[in-house]
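Right, one structure below, let's go through it.
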């Protein structure tokens, strides 16, 4: 450890070096990994058996990392659960965990593997980064012993955390993040006592990192962007797609656009659990993405991005998401409404009965407005305008405001809100807006076959989501997702196990 007197000069030197090497762009990669899973068992395996499985997955990841580096990538993100999977109890995952130190220790596991006890996974990840001169982002498990002096210490005497790690091109551990918003099935892990806002500086921008379910909450996701002002968010995830609104590529692209930041999203790949969808997303839309529910293969994505998107001449302006919608009166026309369920959320819907029209639908404090013209009004396809203003989630409840132009699975209106992947109807134009009570709104358009629509829509500064020149493919949804973080209910589970 450096003496305190040396820290300031060292920090100044490091910052000067970064500025000298600074680049306007970076080449980034994400790898969607078809994870090799352990046998389902409640009994712990031996440490050697656990390491054998993890090495099989790391063999695959190492190949992807090498290929990305050979193509010039500066950083690669790999998925949540990408090294050992997810079939675990609290006891059975223990042999897969390592003690991950705070990065302030200035440690390169590849060259000093025994400094913190047995750490073969960190050693190998460090060597992957060092040998390929690339930043490597991976998701593993951290274990921390505790005792009776800690009133929150679990009965088995340890904390277990879902953890992201980042190694720099020299193999040094530069970031460690403990997932704060665990999904309901992650009972093998503990909640950190406090949310962590983890950032690190590089020659190609300031990075922040969080994991999967975290993206839906204020801490750490919004904090990193709004308060820490990161350029790029690293996002290991194991995302199970849920149509019509929560497919991975759909929501992650929308989040990047709404937050006006780069998002490097690496998903696990498991078609049986509807896990697929990775991408390199920017404030202007997706640069590269992958969605494959048909095969069991992994996929490497790579693209050049702006290292400092907020300095780019194409950086989108701040949006007043309710300006247009609150300035108009209710549109005329047929506005008969009915209720429909999107999973367990009860939406208020209005059917688009004509080839073109103005529609308004309201729920709670939210009114959604739509002006549209279909290319052809088909008798076998029904579209609706929908509004939802309320709490979402069965156990962990968080507040959405959603305006959506949505295709129904059939002409039976009772099916509206149920999943649908294909459509036949194109639109000459649409303009969607809402009276949102939040500045955190995420826009996205989804085409038939769960395809994004990069470059085919725009968001005006007054909050209207508009098509540019109609839709080039049939439309499934055009949606504005609003998050009222201040209306979320208290978390029911954020206590130590």
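Cβ atoms here come from the backbone N, Cα and C positions, even for glycine.
As the structure is a computational prediction, the values presented were derived from the model and not from experiment.
Annotation comment: TrEMBL describes 1-22 as signal peptide.
Feature annotation from TrEMBL assigns domain 'CN hydrolase' to 31-307.
Annotation source TrEMBL lists active site, proton acceptor at 80. Sequence-distant neighbours of residue 80 (active site, proton acceptor) (same chain, six or more apart, CB under 8 Å from its CB) are 139, 162, 164, 211, 212, 236, 237, 238, 268, listed in sequence order.
Taken from TrEMBL, the feature active site, proton donor applies to 179. Its Cβ placed at the centre, residue 179 (active site, proton donor) has 27 other Cβ atoms within 10 Å.
Sequence annotations record features per position, and here TrEMBL assigns active site, nucleophile to 212.
Within 10 Å of the C-beta of residue 212 (active site, nucleophile) there are 27 other C-beta atoms, taking all protein chains into account.
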